[in-house]
């Protein structure tokens, strides 16, 4: 018995939604097997990583806080990827957003007023946008690959953090630690549920996703992004400029990564520290794909990835699973998702009584 | 005099892993496949090489471990992109995320446990004079990288198999119709690229820092990918490019040690310099001419023979 792949006349909508769920389930099954084989409690690892964060109500606030930046960045990346613009440097744009917000917080240190936080957020958004403008400019003017430039800028931005918190922005009372001073009250993101760590960034993330969904499905802008990504030549005939689309895609994804950065620094961190590069920008790539480049899907995918982050920490303390295991599970989700994608475009067909023509 | 010798030796050490990884990626891209997982495969190779050296103390076996681990991880990429025609860009990124996590997990037990650096290939008597040190003072991977530059050039441009590989990368449909196995050639290229990335990764604990550190390749895999574009898919230009980057990375060390105006520059700027230099180089190359004019025509495009 032999199977052959046969191209579907059009992509299967069913498979489009089934494969992300299947990818997560397969990751749990295969992950349990692999981690057992290399000497860990595999089933325990999967239980702690994927289930404990859901069953333990105390962990829900962590989920919200972790999911918020992933959703915000993931929404931006899905807009870009829809248009076939490969912004891989969201981590760098997130960092620059955080640094821009820090700059405002330090400049207004000791001041009070309801204008400080909005100004920080504005700075973060603009910062992320400007950092994404560099690859956009190089791509549209000189045809330089945006994957490489946005990624190189990420490595450079990490060094910028180290420099700023070691020298000009160093906390004078920090006893030599390379970090900025704690932001004053007006520069901190308020919590929205008293007694928890759930901050204003969580509803902002949901709002961002809903607005993006509305724009992508209901506006000319969204149509343009999808058209250029799906059929660049046809889109050009339709009057959509490819360069303009690249600019829009990069600026939107950079702005949202910057927003996530400033919300993180004003929320959970409340100061700039060397540990600020949290890998959210890279994990958000998985979030965008798992969410099927659809802002509503990104909300769910962001929560799934947040579960693995929170669960990874749980597994670290309860069964001694190294933190790096989280990254492996996240990569496996993406591997299985990409592998499953073939079922969206092709169907498996059984070959009966056919000489090995298909095998060549 | 001695300082120049020392600079050259450091430069060669910094350039070698980038050159080896980039040579592998060049062959992969010539076959029409864009594997962005070089950084991940290098990290897998680095931890495999470290473990090999740690347990056996035989650096050649360690390099082999790196090659094998790199090739094995490239097989994941090959299966997804070639057999299942998954998106190459996304799969390469997934491989890098996987390699980062895998190497961190596998490397956790080895932290703060040093290994022996690889010794020079030639006997010390040959390299007593400083000038001879520049020629004979390196360990095996350095000479291997030079050999591979020539070997890959020769393979691509002077052999029938090399012609087939380039044909597959330039026009997969035609190559398939005249009976070449597009998938077979691409699998072979991907595996070769993975082995080279793995060797390049193993060079980090064997040549540079004899310890395990998470993410110790520090983006060098991405610089290797960029170098292939910079070299417009030509092996000898890759050699020049890798040494240019070796020089940039070496400047950091000597600027700090040497005093003078260079040492006033913040160390973080030096650390950022290789990445900024990559951008500058990509910009310069595209100002001079259309950077992608020499790219294999089928680069990054999926191909399924059943279509």
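Think of each number as a place in line: the chain as shown, counted from 1.
Just so it is clear, glycine is given a Cβ too, placed from its N, Cα and C backbone atoms.
Note that TrEMBL annotation is computational and uncurated.
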Query raised in the report: For the record in TrEMBL, which of the ranges A:167-191, A:192-216 is the transmembrane segment one?
Result: A:192-216
**Report entry** Region pair the transmembrane segment (A:21-43) / the transmembrane segment (A:147-165), three or more CB pairs under 8 Å
**Finding:** no
Report task. Might you confirm whether the transmembrane segment (A:272-291) is in contact with the transmembrane segment (A:147-165), defined here as three or more C-beta pairs under 8 A between residues 6 or more apart in sequence? Result -> yes
Requested in this report: Considering only the recorded stretches A:63-81, A:93-109, A:192-216, A:298-319, state which has the highest number of Cβ pairs under 8 Å to the transmembrane segment (A:246-266).
Outcome: A:93-109
Query raised in the report: Under a criterion of three or more Cβ pairs within a distance under 8 Å and sequence separation of at least 6, are the transmembrane segment (A:192-216) and the transmembrane segment (A:298-319) in contact?
Result: yes
Query - Stretch-level contact, the transmembrane segment (A:115-138) and the transmembrane segment (A:93-109), CB cutoff 8 A, at least 3 pairs - result: yes
